[in-house]
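S.K.: Straight from Swiss-Prot, here's the annotation block:
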TRANSIT   1-72  transit peptide
COMPBIAS  24-35  compositional bias 'Pro residues'
BINDING   ASP179, ASP183  Mg(2+) 2 binding site
BINDING   ASP179, ASP183  Mg(2+) 1 binding site
Amino acid sequence: MAAPSSLASSSHLSRRATAAASPSIPPPSPPPPPQRLRCGWVGRAAPPTRRAPGVCSVVSPSKPGVAAVDVPAATIPDAAATGVGVAERISVSSLLEVVADDLLKLNNNLKSLVGAENPVLVSAAEQIFGAGGKRLRPALVFLVSRATAELAGLLELTTEHQRLAEIIEMIHTASLIHDDVIDDSGMRRGKETIHQLYGTRVAVLAGDFMFAQSSWFLANLENIEVIKLISQVIKDFASGEIKQASTLFDCDITLDDYLLKSYYKTASLIAASTRSAAIFSGVSTAICEQMYEYGRNLGLSFQVVDDILDFTQSAEQLGKPAGSDLAKGNLTAPVIFALQDEPQLREIIDSEFSETNSLATAIELVHRSGGIKRAHELAREKGEIAIQSLQCLPRSEFRSTLENMVKYNLERID
């Protein structure tokens, strides 16, 4: 998977993803009544039973950075159709109920996958795996696996689907450990970080170990396409950190730069995992590409929302100091939009907050400028494109939950 080289500019917000020459995605033919799939794992010795795979017309992705799928404005679902903007809020527990059994099995397996050779690593794994994470990334693997399994006529999920979800969570966990070291973060999900408890050396080694262990399990999946996809993600993590470090306090950073960094650090893993889940279901390449587009745009939307929350939530809600990204010089979407209208904000950031209360003034300018509102529009736009990518799937509780994942993300701002 080649790293993206260019992204849609901020003017993309004003035109709501206008159409390229590509056709809109037609709805699939009504599928046979789906069977409720639960944890009946089958191995290589028991090949899955299939019906004839479904077919849908799709737009192939071009570059993974921003808008590889140009969707005609008329085909983007409105709030009534998608649930985005509807008053009823979604809880995490209700959102993930349809894959609760899958996640329970995953939770039971995670600690054993780390191994018991080193007590310090085991203790670090227990700390991070038990820190109250939502397991959204493996949940997305299970949701796409089950949605595409219904489309392909796969009667049961495979051990590859299960192991993929475990690998994705291990990679995500390793990246969090390293992120906390790089950012010198003292808290993660309301608990002390690994490097605070065990020191930087152990934290770095623990993250390295999890990357290595996940790579070993990945190789044992024996699917070269998936191995390439997930291996690229680990490279993207490093690229994202380097890009972020090279643009600290840089008021000339563009929205394209920000979205590329966000792809590397967040969306790459989600996009690769949703595409890999579809690959293991055995659906067509076109559908696998749409699952990639879903994951990529959902990942970008999630990152933009996270960056908005850094300005709108308290330290208690965030589990870290509010405005911490800005304080460290990491300029995110709300700041990039605000810089277009607030010259004083540039002066304050250029000074690296050297004067008393300058950070508080900068945060106030971001709020006053409308930067948060424009960032919200960006997050919503990416979410709508993600939902559009699901139209080649048959209607099911799993597709509905994938759509509701977009709604849940946007509700975090309200």
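Every residue gets a Cβ built from N, Cα and C, even glycine.
Context for these features, please: burial, neighbours, distances.
M.R.: The Cβ neighbour count for ASP179 (Mg(2+) 2 binding site), using a 10 Å radius over every protein chain in view, is 17.
Classification of ASP183 (Mg(2+) 2 binding site) by DSSP places it within a helix.
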S.K.: Just to be sure I understand the packing, how many Cβ atoms besides its own are within 10 Å of the Cβ of ASP183 (Mg(2+) 2 binding site)?
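M.R.: For ASP183 (Mg(2+) 2 binding site), the 10 Å Cβ neighbour count is 16.
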